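Engineer: Would you mind keeping the following structure in view while I ask a few things?
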Amino acid sequence: MSPVDTATKAVHKATGEFPVSSVPFPTSRPLACRLRMRATGHAVLERASSQALVERKEGVERLHGMTEHKGGTARVPVYVMLPLDTVAGNGAGLNRGRALNASLMALRSAGVEGVMVDVWWGIVEKDGPLKYNWEAYAQLLEMVKKNGLKLQMVMSFHQCGGNVGDSCSIPLPPWVHEEMSRDQDLVYTDRSGRRNPEYISLGCDMIPVLKGRTPIQVYSDYMRSFRERFTDYLGDVIVEIQVGMGPCGELRYPSYPESNGTWKFPGIGEFQCYDKYMKASLQASAIAVGHKEWGNSGPHDSGNYNQFPEDTGFFRREGTWNTDYGKFFLEWYSSKLLEHGDRILASAEEIFRGTNTKLSGKVAGIHWHYKTRSHPAELTAGYYNTRHRDGYLPIAQVLAKRGAVLNFTCMEMKDGQQPGYANCSPELLVKQVKQAAKGAGAELAGENALERYDESAYSQVLATSRSDAGDGLSAFTYLRMNKNLFDGENWRQFVAFVKSMNEGGRRIMLPRSDSSQSDLYVGFITSKSQKPKVTEMAATL
């Protein structure tokens, strides 16, 4: 995920995960929906998406991928991320179920293909090793299915809390934390000895440190249980499994943690290779190349989280990063990350083979300091990308090898909206990643990194999604469904965006009122016999 910056004027932290006064609740007429804008800014839901019902009756299915419309224009399906806390922390059910169902109806009426949800390890396997509770997700699947939508499900092996956009706290399973308390080296560690509990260190991937199982075995057992429980939905309602491979579900090291003010944009971050398992691997690699001294520690001159590259000996223009030692260390550090990703994806490929379900992996859009020679923020995250080396082609090749989609963030960002002192270039970064995906033969999908509702952001996504060179997007997942999305003007902009994506990226503007009888929807469902009780509705959220 990419951090906030003041130039974008984007919302960083979620101000609310669901619409409150603007969420529609089905009452007497649940099958109807047409937006009728009121002076109050709310609307009345009167007619449900009959088109969705017709499509289901006719057996029409639209799977994740680029489909050709008449005239040869490539359509890019849009998905929407559900709130992080869609499933209750105790796994007992869904939070705000009525509001969720009504919101799914709204999304369907707007032409959205489906939704994405985190399948939290910390919820499902909370009660103990191999004790899985999938019931809340079963409820969600049925709700999504009834609304005629598809589902992207994220195998979230990380904790929620402490990163950009995290609005709730979902830690790793308690029994995992017990093991971490016994062996603190199970988690990533920086040069100062600061431990990060949001994801298990890849250094112990193949070591039985979790009640007799390796982390890779634990992740595999989890995915296998998921497949067994939801086999009837795979390839039908569930069209994509995104495999979590690091913090925020992204294939990277936790090099820029926001928790407790450790890191702030646009700091360079820090290397995360100081737990005993990573140090042992570094030492072995140094000995193998005949430089035992290189394995004593990570770079001593790489600075701290919030420094700039020119303030350090390692990352400055002619710094240590470009020496024999620097190249050795960066190659080792990045290759460990690639091996970690390949291990998990190989397991997922085997488990979900034959289900007609896509696999995907998420890569972070680290755009700050991109214009420098060393690209320090990318290096500390594990992406060996510099002025002289393409760090994204190897990542794309790992994903392509396993038939996985490369899901990339910051698709909505423009260079001109970033602060000059941060040396950002999200546009050049996206261009490079698109080229890498094409070169590796990997399918590319996208996300926005920050909560945005403005036309500028949507226009940038539309421009990025189009391509005559074969490197356009196969799908786009919008961050995120909450009460702000359903506000009148925000919703109008979003529906126009979805329609444009469905029309192959051709920019379509909708009127500011509903004079065109469009299938928009914001607000309450009401009837003559029953009026919504605002306080009761708000209390359920």
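Glycine is no exception: its Cβ is also placed from the backbone N, Cα and C atoms.
OK, TrEMBL features for this one:
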type: BINDING; residues: ASP118, HIS158, ASP166, LYS362, HIS367, THR409, ASN448, ALA449, ARG480; note: substrate binding site
type: ACT_SITE; residues: GLU250; note: active site, proton donor
type: ACT_SITE; residues: GLU447; note: active site, proton acceptor
Engineer: Within 10 Å of the Cβ of GLU250 (active site, proton donor), how many other Cβ atoms are there?
Structural biologist: 25
Engineer: For ASP118 (substrate binding site), what is the tally of other C-beta atoms lying within 10 angstroms of its C-beta?
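Structural biologist: The Cβ of ASP118 (substrate binding site) has 24 Cβ neighbours within 10 Å.
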Engineer: How big is the gap, in Å, between the Cα of ASP118 (substrate binding site) and that of the residue listed as 'active site, proton acceptor', rounded to a whole number?
Structural biologist: 15
Engineer: Of all the binding-site residues given, HIS367, ARG480, which has the fewest Cβ neighbours within 10 Å once its own Cβ is left out?
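Structural biologist: Fewest other Cβ atoms within 10 Å, among the binding-site residues HIS367, ARG480, is found for ARG480.
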